[in-house]
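Listed in TrEMBL:
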type	residues	note
DOMAIN	56-283	domain 'Radical SAM core'
BINDING	Cys73, Cys77, Cys80	[4Fe-4S] cluster binding site
BINDING	Cys208, Arg278	[2Fe-2S] cluster binding site
Amino acid sequence: MRNMRTDIFFEHAAEQAAQRGLYRVELHELAQAGFVRTGLEAGFLKAAHALKEAAFPGQIHVCAITSAKTGRCGEDCAFCAQSARFYTDLTPHPLLSEDELVRRGEEALASGISRFGLVASGGRLSPKEIVVVCHAAQRLTQAGIVVDVSPGMLNQEEFKQLREAGIGCIHHNLETSAGFYPRICTSHSWKQRAKVVQAATEAGCSVCSGGIFGMGESWADRVDLALCLRELGVHSVPLNFLNPIAGTPLAHYPVLAAEEALAIIALFRFALPTAHIRIAGGRQRVFGNALQDIFASGASGVMVGDYLTTPGMSMKNFKAAAQSYGLRLV
């Protein structure tokens, strides 16, 4: 039997989230009541879904990415197969040509995807690489696809250059809380990442920024990340779940349980009631091909197709699964 008092607590929290935004202590209590103390509470997910429906009624937003530049990264992010410091099976390649980037974007568009991300490994794109990406983005925009870019740690003027080329969104994850970050990366600081998000925003760009979960972070770290994203004014938040890769320092970590991942989705919906919460890397490893639970927990978007270094679900298969659940893709 469901606990009606608990359900009322979650419903009230959702009302407060929509009206004024929840405080840190309230988000901590939500995580405790919704998952930590008693296991996953259905009322927690139901209230998160109601917040999602208020912001994006009946909609699931779809995007895809391609690895525009792969491997040979000098950073030491412990979860990432692209770091040159780790021995993985990854085959590196330099930035793809303008024509190849356009071909991949047009292929995505033909499959029904209207938002496509160009993701580059390494600390940042070089000035010459920025020009290539700008030219590809201009051509793809003319073809009718929204182009997002993960260019790394650029400055404000370089972000303006991308914005003027028609880039839809700059993607740059914070990855985790400021306090936990030194445990997963030492080659650059969390503050540097946050400054990149600020620079992109100040350049007039829309920003997509989120994190990765299942790396040993606490619920307090998860709350801290959500609040930092809110403070930075981020309105598109990808949630990734660790897919342990052989050769990386986190290769031995267990895959996050699906129920805990659903609770994370719900928590971020409460913290960011009007943001797009997009489920990205690690989705199939954690949830398999199940979609209904994800979208009943507060998510409003999903990444389809392959990820940067691991395979994903094709748009064709995703459409079929989504339609079986009565989901409307936009």
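Cβ coordinates are placed from backbone N, Cα and C, and glycine is handled just like the others.
Automatic, uncurated: that is what TrEMBL annotation is.
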Integer Å distance between the CA atoms belonging to Cys80 ([4Fe-4S] cluster binding site) and Cys208 ([2Fe-2S] cluster binding site): 19
Cβ neighbour count within 10 Å of Arg278 ([2Fe-2S] cluster binding site): 23
Residues satisfying Cβ distance under 8 Å from Cys73 ([4Fe-4S] cluster binding site), sequence separation of at least 6: Cys80, Gln82, Ser83, Ala84, Ser121, Gly122, Gly123
Euclidean distance between Cα atoms of Arg278 ([2Fe-2S] cluster binding site) and Cys77 ([4Fe-4S] cluster binding site), Å: 22
All-chain count of other Cβ atoms within 10 Å of Cys208 ([2Fe-2S] cluster binding site): 27
Cβ within 8 Å of the mean position of the Cβ atoms of Cys73, Cys77, Cys80: remaining residues of the chain near [4Fe-4S] cluster: Glu75, Asp76, Phe79, Ala81, Gln82, Ser83, Ser121, Cys185
